[in-house]
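Under the heading transmembrane segment, TrEMBL lists 7-25, 37-59, 80-102, 108-128, 140-162, 168-187, 208-226, 246-267, 288-309, 324-341, 353-375, 381-403.
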């Protein structure tokens with residue numbers, strides 16, 4: 001149990017920084033600037049989701065398998081990393097420029113900041129993924145906490161002198177760059193020792209290629225799924241409501257994702273390890289334990305949300321935000337379905353059938369966009385929250401059915 005929850009301390013710290021960021025900047029920024037922060041933050045999610053769904057997921061999945069060919073593996077992944085950075089810089093510019101045609105929102109500096117944070121965050125998470133795959137939990141946590149503490153310090157200092165919605169992102173660029181340099185220096189030492197210990201034969205890159213390419217598309221669809229609501233709220237209701245929705249959304253989502261993110265940091269490497277050694281007993285055991293833990297944890301916070309959501313908002317923001325109570329409940333339940341989806345779909349990913357995950361995310365993102373367009377004009381932020389719940393529910397049910405059918409040989 002200690003190993004399963006080792007990463008929980010880091011994720012709690014990370015979520016804590018995320019949670020106090022909104023009340024902190026809410027004191028310094030206008031409602032309009034808070035809405036701009038929400039839009040920039042959704043592009044920051046692009047920087048988190050797509051790398052984690054592609055480059056970093058591939059490292060976690062395969063590095064332990066190819067540990068004896070670590071040099072060849074790292075060279076292949078570094079080549080993908082370089083292409084990835086170039087392509088997505090162009091995509092970020094195109095996406096933000098396109099949105100400006102719909103709603104003239106972003107300045108040139110906004111685009112520059114998003115690109116810089118994309119690069120710095122991607123490189124930092126890339127280093128952490130190798131440590132995670134090697135199960136260097138203490139080192140992972142040390143470098144991750146260094147980034148969080150540095151980010152918080154720079155954010156507070158900069159906000160005192162410069163009240164702007166870009167300040168949290170500038171602070172993160174500084175913190176991730178510093179932490180990347182420190183973690184990379186340590187990782188280079190570890191990898192150097194690995195290269196001395198093993199024969200580094202060439203490896204066939206086809207398996208890696210078939211795994212990583214669909215994951216890139218999965219990451220894009222996941223970003224659309226998680227961000228469409230904010231942009232549709234901005235288009236129909238304006239930036240003030242976009243910022244208000246982010247304040248309402250972030251708390252219940254973080255409460256559930258805290259546990260799921262921490263647990264998946266343990267679950268994915270250990271499941272890959274058992275799969276690579278064909279340990280079916282422990283694969284089944286870990287899967288069943290995971291489902292039970294998520295169910296117990298999520299049920300507790302769903303009940304908390306039903307009875308105490310107004311009080312939670314009041315503690316964090318100073319006001320009860322009663323009109324956001326349904327947002328709290330809908331997002332808590334939706335995030336729970338997302339957590340179950342992550343457990344179910346990883347079985348398929350272990351078999352390198354990533355295209356199934358990509359297809360499900362595409363369908364869910366389309367449903368999410370349509371539901372938001374229909375519901376947001378009628379029900380406001382509650383419509384956006386329900387759209388999220390609906391799309392995550394469909395995503396989970398679809399993944400559950402597909403995994404069952406795949407095991408029976410139907411798919």
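Placed from the backbone N, Cα and C atoms, the Cβ positions cover glycine too.
Note that TrEMBL annotation is computational and uncurated.
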Taking 7-25, 80-102, 246-267, 288-309 as candidates, which has the most Cβ pairs under 8 Å with the transmembrane segment (108-128)? 80-102
Can the transmembrane segment (37-59) be said to touch the transmembrane segment (381-403) if we require at least 3 CB pairs below 8 Å and skip pairs under 6 apart in sequence? no
Same-chain residue ranges lying at least 6 outside the transmembrane segment (80-102) that approach it to Cβ under 8 Å: 43, 46, 50-51, 54-55, 58, 110-111, 114-115, 118-119, 122, 126, 212, 216, 231, 235
Does the transmembrane segment (324-341) reach the transmembrane segment (140-162) with at least 3 CB pairs under 8 A, where each pair is 6 or more residues apart? no
Please give the sequence-distant neighbours of the transmembrane segment (353-375): residues at least 6 beyond its ends with Cβ less than 8 Å from one of its Cβ atoms. 210-211, 214-215, 217-218, 221-222, 224-225, 228-229, 232-233, 345, 383-384, 386-388, 390-392, 394-395, 398-399, 402, 406, 411
